[in-house]
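Handing you a structure now.
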């Protein structure tokens, strides 16, 4: 098979690492990819939202499958155009992609199809959002409506902080994504990430993990795209998994199909496990980043047949995936200043050495100079991942590897996995 993988982050590097290991794959091309992905695939300098160029590239390499990594490609309508050209694609249409690209759409969708979620108000102005605060008790949750790279959510402890978040959104901090906001009820419980595949009709659960959104240890500081993950996560008891499947996953797939946009790809369900059962926090229409990294380390099965089955409508013929009876941890190394303005261009050394058993480093935001020097080129720069017999072993391996990487402008959290280890 010839496969085109779209994207350039740590999630896409993890997908490339797993896809390249498949005996079914003859040629793997990434667009645009990153320096780390060059070990697994050919790189082409085509951006993830340049739909005409991506379709042309898929035709050029005679792609048997296009795998869409980032949400920006979904929002740009890449899957729609590929389907129109008869090119098999793993990833939903832009219509189905509204489950991520608009918080207001998702809230209305949840109401329409009975998915449990937090009480909310959609606000078109700062004045309306400030008035909506009267409906809720602190902490307040303020969400930019559109795509904001995981940084558009503020959990405000008091009204002053909430009003500042509202002013930031309507003041242009998130561009068009902040043209309206959702003010919602704060949910008490433990958050988790669950993934499900769908081929337009049949669906299948595809792993779960737990993320760390806040930038600093102890869940302090602003939200990020994710500072680390681990899998399996003890919060996902068999009872909770079944509740998520029946109350969130299956109604979501049925609902989006009823709306005229059958879902093909992976759905990322971010949920809060409350005393009243799971409640939807948000949907994402792609693998989580960095959740994907730990799932790929734990996935024993060949990933490619599942991607193909989603694209071709044969998921119902596939067996459940097989997972390693091991834990996996991902620790994100970010550039200082993230999630604000990250330090750019810092030199990175030490990735060419043996970093230990079952350790894999995925590139997330890197570039390589003409002389081969590796440098930071983003907020989240590296994903240091490790497997182990248990969570503590995997975590220790990841942090031991980080100690051997030289990146003066980088930082990471030191407490990834604290919820599970503290049980």
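Each Cβ is built from the backbone N, Cα and C atoms, and glycine gets one as well.
Annotations per Swiss-Prot:
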type    : residues : note
DOMAIN  : 107-312  : domain 'ATP-grasp'
BINDING : 133-193  : ATP binding site
BINDING : 270, 282 : Mn(2+) 1 binding site
BINDING : 282, 284 : Mn(2+) 2 binding site
Can you tell me how many other Cβ atoms are located within 10 Å of the Cβ belonging to residue 165 (ATP binding site)?
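Other Cβ atoms found within 10 Å: 26.
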To the nearest Å, how far is the Cα of residue 270 (Mn(2+) 1 binding site) from the Cα of residue 157 (ATP binding site)?
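One finds 22 Å between the Cα atoms of these residues.
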Whole-number Å only: compute the distance from the Cα of residue 133 (ATP binding site) to the Cα of residue 284 (Mn(2+) 2 binding site).
26
Any idea what the Cα distance is from residue 282 (Mn(2+) 1 binding site) over to residue 141 (ATP binding site), rounded to a whole Å?
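One finds 13 Å between the Cα atoms of these residues.
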Ranking the binding-site residues 157, 284 by other Cβ atoms within 10 Å, which is at the bottom?
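Candidates: the binding-site residues 157, 284. Fewest Cβ atoms within 10 Å: 157.
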May I ask which residues of the same chain, at least 6 positions away in sequence, place their Cβ under 8 angstroms from the Cβ of residue 149 (ATP binding site)?
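Listed in sequence order, they are 225.
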Given the model, what does the mean pLDDT over the domain 'ATP-grasp' (107-312) come out as?
96
Which number gives the other C-beta atoms within 10 angstroms of the C-beta of residue 282 (Mn(2+) 1 binding site), all protein chains shown included?
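Excluding its own Cβ, the number within 10 Å is 17.
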If one looks at the chain holding residue 181 (ATP binding site), which residues at least 6 apart in sequence have a CB under 8 angstroms from its CB?
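For residue 181 (ATP binding site), the qualifying residues are 122, 123, 129, 142, 143, 144, 145, 166, 169, 170.
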Using a 10 Å radius around its CB, how many other CB atoms surround residue 189 (ATP binding site)?
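Neighbour count, Cβ to Cβ under the 10 Å cut-off: 16.
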Could you find out if DSSP has residue 284 (Mn(2+) 2 binding site) as helix, strand or coil?
strand
Compute the C-alpha separation of residue 284 (Mn(2+) 2 binding site) from residue 141 (ATP binding site), stating it in Å without decimals.
18
At a 10 Å cut-off from the C-beta of residue 173 (ATP binding site), count the other C-beta atoms across all protein chains.
15
Near residue 270 (Mn(2+) 1 binding site), how many other Cβ atoms are within 10 Å of its Cβ?
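Excluding its own Cβ, the number within 10 Å is 17.
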